[in-house]
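This report concerns only the one structure given below.
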Amino acid sequence: MAYYYPEPSHTFSEYLLIPGYSDAECIPSNVSLRTPLVKYRRGEEPPLSMNIPLVSAVMQSVSDDRMAIALAREGGVSFLYGSQPIGQQAEMVRRVKRYKAGFVPSDSNIRPDQTLRDILNLKERLGHSTIAVTDDGTGTGKLLGLVTSRDYRVSRMSGEERVSEFMTPMEKLITAPEGTSLKDANDIIWDHKLNALPIVTGEGRLSSFVFRKDYDQHKENPNELLDSQKRYVVGAGVGTRDYEERIPALVEAGADVLCIDSSEGFTQWQSRTLAWVRGRYGDEVKIGAGNVVDRDGFRFLAEAGADFVKVGIGGGSICITRETKGIGRGQATAVIEVARARDEYFEETGIYVPVCSDGGIVLDYHITLALAMGCDFCMLGRYFSRFDESPTDKVLVGGSYMKEYWGEGSARARNWQRYDLGGDRKLSFVEGVDCYVPYAGPLHDNVTTTLSKVRSTMCNCGALSIPELQRKAKLTLVSATSIVEGGAHDVIVKDQNTNR
Ligand code: RVP
């Protein structure tokens, strides 16, 4: 006979934290959000930790190199999506690793024989007002000049003028040679009152730009997550099919951590993949696995050698796995059970395997709840997809800006394989949807707000660190009626957007 769980499974919105005693030292600025990313032995330091408990989802519409740089700058990690050709994913890893904080490869470039109209189109499409003029129109061509909005006057020009006629030519530009330090670049910017300083190779090719605003941003990010060579830390998603080719390519490109990405991870496919990694690289390559939703799934993956275990089936905002296949579990219940299994495993073996709560974070406080319930960090898709740095287009829908967001199990995401690998495997059914999410601006501003809420709630619980929150948190299930009471009620709210 089938096994029936005695209790229904619950999700985050059904829980609240009960405040605990906080002393005068318990203020948000004293809270540390540092958390382990991969497993470690009792009494030892984790080989890889994060400064904030957030990772971005292994999804086409969420995690590319731009997102990875923006999130590592805040102290978290992106897992670059694996649903793309191996070489392309490895190149994304390389771009993150090559990125020198403050030195930005130029993505708005034009040839001198193009026109003002082309400049305006480029500006509209990419939103950058500094455009490099290079001989071949690429970001690494020979630098011939720059165009900024100070170089043209749309109202007095026809649009057909050639770029070479109105650009600021090379001989009038201030540039700096490759190898210039960020500090020196910044001094040049200040001395000459520049907005952007082109960095140029010995052969006169454009290497990157240093922007005034980026330098300030760099200084503002004490949490940034760097490897031993001061490069940003980056993760990458892998599957259980082509791992023998994909993993070596990602490792060679410099990926710091991998994650087997699957909606259901309690499988021999995953243990085989983990065994292959351990056989080839020992413990040197870090790889998480998942997803699971119970103790058995956790133990299976921990024993198979996973560096962290990811939890969650069907709770993702774009996920229809529960509707399509009838599998899954309320995310809170899943995290609570798996975190207990993690503690039990730690007691038994002395090995701490971090747990990641994946999907279903809707409101910022859900992150605090997930941490209190025992996870070490959260993976978010929808949340990050709304920001400037996500790979998708910003579009105007019904008068409001939206970003596109689609599930990895949607037809849209899966098509890459059918097209790019030349296969003709039929999509039997989809497990995800293609949708819009409201555009929310820069990642930095949003993450700052979200984490200030997390820190503040932690102080309400008397906790200055995530482990302390896990020890001290008192959680209560709430009735359906009190959930209604939790939002604004019995009033007419003026502006929904400013009240969250
Ligand atoms: P959310 O943050 O709620 O948007 O959820 C993101 C998570 O949803 C991902 O990390 C992944 O586990 C899951 N996902 C991604 N694609 C799909 C799907 O198409 N069903 N689900």
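Residue 1 is the first one shown; counting continues down the chain.
From the backbone N, Cα and C atoms, a Cβ is placed for every residue, glycine too.
Secondary structure from DSSP puts S263 (NAD(+) binding site) in coil. As annotated by TrEMBL, NAD(+) binding site applies to D261, S262, S263, G312, I313, G314.
All protein chains considered, the CB of G316 (K(+) binding site) has 29 other CB atoms within 10 Å. Under the heading K(+) binding site, TrEMBL lists G314, G316, C319.
Over the domain 'CBS' (103-162), the average per-residue pLDDT in this prediction is 90. The domain 'CBS' annotation in TrEMBL covers 103-162 (among others).
As annotated by TrEMBL, domain 'CBS' applies to 167-225 (among others).
When the Cα positions of D261, S262, S263, G312, I313, G314 are compared pair by pair, the longest gap among these NAD(+)-binding residues is 14 Å. In sequence order, E264, G265, G290, N291, K310, G316, C319, T321, D358, G359 are the same-chain residues whose CB sits within 8 A of the CB centroid of D261, S262, S263, G312, I313, G314, the residues recorded for NAD(+) being left out. Within its own chain, D261 (NAD(+) binding site) has V58, F79, G82, G237, V238, G239, E408 as residues 6 or more apart in sequence whose C-beta sits under 8 angstroms from its own. Once Cβ contacts within 10 Å are tallied over all protein chains shown, the binding-site residues G312, G314 are led by G312. The residues near the K(+) site, meaning same-chain residues not in G314, G316, C319 whose C-beta sits within 8 angstroms of the mean position of the site's C-beta atoms, are S263, G312, I313, G315, S317, I318, I320, T321, R322, G328, G359, G360, G407, E431, G432, in sequence order.
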